[in-house]
Structure formats: C-alpha cells, structure tokens
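Enquirer: Sharing the features that Swiss-Prot gives for it:
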{"type": "TOPO_DOM", "residues": "1-20", "note": "topological domain 'Cytoplasmic'"}
{"type": "TRANSMEM", "residues": "21-38", "note": "transmembrane segment"}
{"type": "TOPO_DOM", "residues": "39-610", "note": "topological domain 'Vacuolar'"}
{"type": "ACT_SITE", "residues": "Asp82", "note": "active site"}
{"type": "CARBOHYD", "residues": "Asn215", "note": "N-linked glycosylation site"}
{"type": "CARBOHYD", "residues": "Asn229", "note": "N-linked glycosylation site"}
{"type": "CARBOHYD", "residues": "Asn248", "note": "N-linked glycosylation site"}
{"type": "CARBOHYD", "residues": "Asn459", "note": "N-linked glycosylation site"}
{"type": "DISULFID", "residues": "Cys460-Cys508", "note": "disulfide bond"}
{"type": "CARBOHYD", "residues": "Asn580", "note": "N-linked glycosylation site"}
{"type": "CARBOHYD", "residues": "Asn597", "note": "N-linked glycosylation site"}
Amino acid sequence: MATSLQAPILGSRPPRRTLRFLSFALFSALVLVVASFSSRKSESGSGLRSGSVEPEYAWTNQMLTWQRAGFHFRTVKNYMNDPSGPMYYKGWYHLFYQHNPNYAYWGDISWGHAVSRDLLNWFHLPVAVKPDRWYDIYGVWTGSITVMPDDGRVVMLYTGGTKEKYQIMSVAMAADPSDPLLVEWVKYDEVNPVLRPPPGIGLTDFRDPNPIWYNTTDSTWQLVIGSKNDSLQHTGIAMVYTTKDFINLTLLPGVLHSVDHVGMWECVDLFPVASSGPLIGRGLDRSMMLADNVKHVLKASMNDEWHDYYAIGSYDVATHRWVPDDESVDVGIGMRIDWGKFYASRTFYDPVKERRVMWGYVGETDSGDADVAKGWASFQGIPRTVLFDVKTGTNVLTWPIEEVESLRMTRKDFSDIVVNKGSTVELHVGDANQLDIEAEFEMDKDALETAIEADIGYNCSSSGGAVSRGVLGPFGLFVLANQDLTELTATYFYVSRATDGSLHTHLCHDEMRSSKANDIVKRVVGGTFTVLDGELLSLRILVDHSIVESFAQGGRTSATSRVYPTEAIYERARVFLFNNATGATITAKAVKVWQMNSTSNQYYPFTSSN
C-alpha cells in the first residue's frame with residue numbers, strides 16, 4: 001500500500017435538520033440546470049459560458065498537446081461530433097462521424113469514416129460524403145447505414161441541410177459492396193431528396209433517420225426520425241416510416257412516442273434488450289424485437305439541453321407504438337445515458353461478440369480559439385456495451401467494451417485504506433495521465449444507521465461540489481490533481497436523505513477546480529442510482545488526458561467530463577482518495593489502478609492489402 005498523505009479538505013457548511021433512516025438508495029433522476037442551444041446542427045463546439053466574457057487563457061503548446069487523448073477515438077485533425085452509421089462489415093468495424101475536414105470548428109459538415117479490427121485502433125479513410133449538392137450544401141448530417149438483406153447493397157440514409165437550412169433526407173450507396181472498407185460512396189441525384197418534413201413539422205426540425213426493425217414477412221423496414229411539435233406543448237416526438245428500399249418511404253399514422261415540454265428529439269434510437277431467460281448477458285440484434293423476454297429501450301437526445309435520455313418499455317410493431325413501463329421516468333424526464341458531456345449516442349449490434357455497442361461524442365468546453373490552436377476538436381466516448389440490469393429491473397447498464405482492458409499495463413493495488421473525515425490519501429501510481437481505475441468503497445455502518453441529517457432536495461449540480469460537506473459525503477477520488485490540490489477533477493459519491501427518510505446515492509463529477517483557466521466551462525454534474533442491499537459502492541474511472549469517464553455500480557449510471565488542467569499534467573498529475581463527509585469514515589476496500597497504453601490513430605495505408 002502506498003504511503004499516505006493526510007490533510008484537511010477546505011470547504012464546509014453547517015449541519016442540517018434530519019430525518020430518520022429507512023432504506024439505502026432508491027433510483028431517482030435529477031434535472032440539472034444547463035445552458036441550451038437553439039440548434040445542435042449549428043453548434044460551434046466551444047461550450048457556453050455564463051456571465052461576463054472571461055479573457056482567453058494563455059495556453060502553451062505543451063498544455064494543448066497534453067489535451068489530446070491517447071486511447072479514445074479521435075480524428076487525425078479538425079472537428080468531429082455525432083457518431084453516424086456504426087456497423088460491423090466484412091471483418092471491419094466502421095464508424096462514420098460528423099466531421100469538418102477543413103477546420104477545427106463546426107462547418108462544412110461531412111461524413112468522416114474510419115475502420116478498426118478491435119474498436120480501439122483505427123485507420124481513417126477518405127471522407128465518405130461531402131456537402132456538394134443543393135440538397136445537402138449546408139451539411140451532410142446524422143443518419144444511418146443499412147445492408148439490404150436481398151441484394152447486399154449498402155445504403156446510407158442521411159439528413160441534408162439546404163442553403164435555407166431546411167432538413168431533408170437523401171440517399172447514398174456504397175459504390176462497391178464487395179469492398180470491406182466501403183471507401184467510395186455515390187449519391188443518387190435522380191431520387192434525392194427522398195423525404196421532406198411532413199405537414200405540421202418544422203422545416204428545421206426533421207432529422208437523424210435510424211432503422212429500428214426489419215419485417216421479414218413483407219421485406220419492409222421501419223425507421224424513426226426525431227422531431228418536435230411546438231403547436232402542442234413543446235413536445236418531443238419520434239415518427240415512424242416504412243420502406244423497402246430507403247428511396248420510397250411512407251409515414252405511418254401517429255407517432256412512435258411523444259413527451260410534452262422536453263423539446264426537440266434527435267438521434268432517436270430504439271433497440272431490444274433481454275430482460276430474462278437464456279439471452280441475459282447478450283446484446284440483441286433488432287431482428288429480436290419480437291422475441292420473448294425482451295424489453296425495448298427508447299433513447300433520444302434532447303436538443304434543448306444537450307443530454308441523452310432513455311426509458312424502458314414495450315414496442316408494438318403492429319401499431320408502431322412504444323409505451324414506457326413507468327411514465328414517471330419517460331424519455332426526457334427520467335433516466336440519463338450519461339450525466340456529463342456525452343451526446344448524440346447511437347448503438348449498433350456487433351455479431352462477432354453478440355453485443356450491443358453504444359457510441360456517443362464528447363465535445364469541447366474550451367474556447368474556439370484554443371481548438372483552432374490545437375488543430376482538432378472533440379472525441380468519441382469509449383464504446384460501451386448496453387445490457388438490461390436484471391438486478392434492479394429498472395435501468396440499463398452501460399460499460400466500457402472488454403477490449404479496453406487489453407490496454408492495461410502497469411498495475412498498482414491498494415486495499416483497506418481508511419479515509420478519515422475531512423482527509424485525503426495520495427495513491428502513488430506513477431504516470432497518472434492515462435489510467436483505468438477500479439475502486440470499491442464501504443461506509444461506516446454506524447454512521448449510516450445513526451446519521452439523522454437530511455439533505456432534502458440535494459443534487460450534484462447545485463451542491464457546491466466536492467468541497468460541500470455533508471454527514472455522508474462527498475467521498476471518492478481526485479484525478480488529474482496537482483500536489484497541493486489547487487487543481488483537480490473530483491469524481492465521487494454523495495449519500496443524501498430524502499423527505500421520506502430514505503437514503504439516496506449520487507455519482508457526481510466536479511469540474512470546478514479542474515483548471516486554473518477561466519475561459520472554459522466548469523460544472524458539477526451527476527445523478528442518483530440504485531444500490532442494492534449488500535453491495536459495496538463501486539466506481540470505475542477512465543482517465544485519458546482531457547477526458548474523464550466514470551461508471552458507478554457496474555454501469556447503472558455514468559458521467560463524462562472534458563477538463564483542461566494547466567498544472568496537473570504530464571509528470572505533475574496525481575491521484576488521491578478523499579473523504580469530505582463530516583459524519584462517516586470511508587474505507588477503500590480495494591483500489592486497482594492501471595496505466596493505460598495508447599491506441600493507433602492514422603490514415604489507412606492503401607499501399608498495403610486490405
């Protein structure tokens with residue numbers, strides 16, 4: 001075990017009146033106060049700042065170079081956002097993505113394209129499609145790719161932006177379906193655009209087509225498109241179309257689902273998950289939509305607030321309607337895919353490992369000038385598997401794909417470290433810029449049973465972060481921290497008491513001290529999750545330079561941050577355990593820390609064989 005350094009943590013608050021303890025951790029969702037964008041499709045990628053404009057920080061080349069991730073998906077250069085058309089095809093994983101091939105900011109949006117054998121090491125291919133027709137001159141935006149079961153054609157259906165910024169659907173096809181790399185794509189000018197917004201839908205509120213089911217009986221696809229209806233109650237909606245060829249499409253009556261007061265839905269996804277029986281632990285192809293013991297996850301990205309929500313329910317393919325199991329946690333008002341900087345997620349089925357894999361992009365929160373100086377902007381989050389949580393029966397589990405573990409190198413183990421109230425313990429792990437951390441925590445049981453303080457209405461975003469002291473939290477880890485803890489990113493648990501006396505457990509990310517720069521967005525984000533009787537609190541953290549991803553309780557919830565330290569970089573980055581609770585001692589039962597290898601990220605060597 002490493003030598004410990006214990007020091008008081010600054011920041012405190014007076015104790016509150018309390019309620020009697022009843023039970024541990026029930027699921028709830030917290031609404032964070034965030035800045036909203038008027039339209040994601042014209043987003044600059046620079047983040048939003050409140051109040052007066054801060055002067056730009058004097059970034060050095062050394063600082064900017066450090067920010068580049070080592071094992072997350074990244075472009076070779078320039079701007080990236082939404083993942084599009086992920087798939088496995090003829091021995092290669094493909095990822096298409098929204099991309100500005102010319103500059104490190106939003107604009108000239110095209111489909112970037114990369115391939116991999118393992119979802120970690122990537123070859124970048126030529127841009128698949130560019131905005132060069134009247135029907136997509138403002139941007140080739142998010143869409144999907146489908147392999148036709150009858151003749152093997154590979155069809156791209158995408159959202160195009162006209163010069164008026166109207167959103168319409170167009171088709172491109174792989175020029176050579178026998179090419180495993182799918183390098184060349186051909187737009188079908190004679191039929192494009194194949195779809196326009198239907199009556200009642202705004203001309204700029206119609207995007208992100210995604211197939212959800214193939215009916216083998218009549219060889220038709222059902223696909224969803226996201227939108228909103230402001231003539232109702234700022235209602236987010238998903239419409240269902242049918243098609244046999246992705247050229248002739250028919251709108252079905254009604255909508256797949258709608259929720260009032262949540263605004264525009266984009267990047268809608270609907271997929272099956274096994275809820276019981278022999279398929280548990282496996283991802284399901286969309287052909288399993290009608291299988292027994294299957295639930296259906298509806299996910300949508302909320303354009304008003306830039307977060308991805310989901311709900312679990314049932315899809316009736318005959319009526320093309322989806323119904324949530326619990327309306328109180330419907331799409332847009334309940335469960336989040338991730339509480340932080342993670343957006344526009346899209347899943348695909350991996351037939352090789354029989355799993356459903358989710359991609360989501362992680363944008364910048366620094367200044368646009370800093371991105372230009374770096375020459376790139378944004379990452380994709382680590383690809384995650386998605387499974388139904390059979391233990392709770394109420395949520396999904398998202399977890400880093402198993403291939404990530406192949407990047408682990410030197411490992412340090414720590415066990416039974418007691419972290420006293422108001423103290424920190426440094427974990428001497430060596431290079432702390434690329435890490436995979438697994439930790440389990442146990443709280444003093446006497447404190448749980450005797451604590452009577454109430455944190456009524458506690459949520460991470462308005463709590464004051466890791467410096468705010470309560471009886472039962474916060475406690476967790478500081479990563480990307482400097483030695484004197486004046487710069488750090490905190491990922492932690494906080495146990496609070498509700499009005500009924502029950503205890504709720506929160507996973508939070510505190511970015512407020514993550515950088516000494518002022519021209520970046522810094523927030524505290526997070527939400528609650530379920531902890532069952534007998535479970536230790538578990539946390540996995542992936543640290544990859546300026547991106548930090550945390551997963552609690554096996555993936556019941558997660559949070560992602562972009563951070564831009566000025567001092568806690570290179571050899572000056574540190575890791576600490578901390579406990580800022582006023583009424584409980586915390587024991588880190590087991591902490592495992594691996595230094596992580598980097599992945600390759602290069603242009604495809606076309607002089608070699610495929």
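Just so you know, glycine gets a Cβ as well, placed from its N, Cα and C.
Where in this structure would I find these features, and how exposed are they?
Expert: Residue environment of Asp82 (active site) contains 29 other Cβ atoms, counted within 10 Å of its Cβ in all protein chains.
DSSP assigns Asn215 (N-linked glycosylation site) to a strand segment in the three-state reduction. A simple way to gauge crowding: the CB of Asn215 (N-linked glycosylation site) has 15 other CB atoms within 10 angstroms, across all the protein chains here.
Listed in sequence order, Gly200, Ile201, Thr235, Ile237, Ser258 are the same-chain residues at least 6 apart in sequence whose CB falls under 8 Å from the CB of Asn229 (N-linked glycosylation site).
When other Cβ atoms within 10 Å of the Cβ of Asn248 (N-linked glycosylation site) are tallied across all protein chains shown, the result is 11. Asn248 (N-linked glycosylation site) carries neither a helix nor a strand DSSP state and counts as coil.
Neighbour count (other Cβ atoms within 10 Å of the Cβ, all protein chains): 23 for Asn459 (N-linked glycosylation site).
Within 10 Å of the Cβ of Asn597 (N-linked glycosylation site) there are 13 other Cβ atoms, across all protein chains. DSSP classifies Asn597 (N-linked glycosylation site) as coil under the three-state reduction.
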Enquirer: If one looks at the chain holding Cys508 (disulfide bond), which residues at least 6 apart in sequence have a CB under 8 angstroms from its CB?
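Expert: Expected: Cys460, Ser463, Gly465, Ala466, Pro474, Ala490, Thr491, Tyr492, Phe493, Tyr494, Val524, Val525, Gly526, Ala559.
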Enquirer: Express the distance between the Cα positions of Asn248 (N-linked glycosylation site) and Asn215 (N-linked glycosylation site) as a whole number of Å.
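Expert: Taking the Cα atoms only, Asn248 (N-linked glycosylation site) lies 16 Å from Asn215 (N-linked glycosylation site).
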Enquirer: Using all protein chains in view, find how many other C-beta atoms are within 10 Å of the C-beta of Asn580 (N-linked glycosylation site).
Expert: 28
Enquirer: Just to be sure I understand: of Asp82, Asn459, Asn580, Asn597, which recorded positions have a C-alpha no more than 10 angstroms from the C-alpha of Asn215 (N-linked glycosylation site)?
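Expert: Passing the 10 Å Cα cut: none.
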Enquirer: Provide the three-state secondary structure of Cys460 (disulfide bond) computed with DSSP.
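Expert: In the DSSP reduction, Cys460 (disulfide bond) maps to helix.
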Enquirer: Restricting the comparison to the recorded positions Asp82, Asn459, Asn597, which residue's C-alpha is spatially nearest the C-alpha of Asn580 (N-linked glycosylation site)?
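Expert: Result: the closest of the recorded positions to Asn580 (N-linked glycosylation site) is Asn459.
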Enquirer: If you average per-residue pLDDT over the topological domain 'Vacuolar' (39-610), what number do you get?
Expert: 95
Enquirer: Please work out the number of neighbouring Cβ atoms within 10 Å of the Cβ of Cys460 (disulfide bond), leaving out its own Cβ.
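Expert: The Cβ of Cys460 (disulfide bond) has 28 Cβ neighbours within 10 Å.
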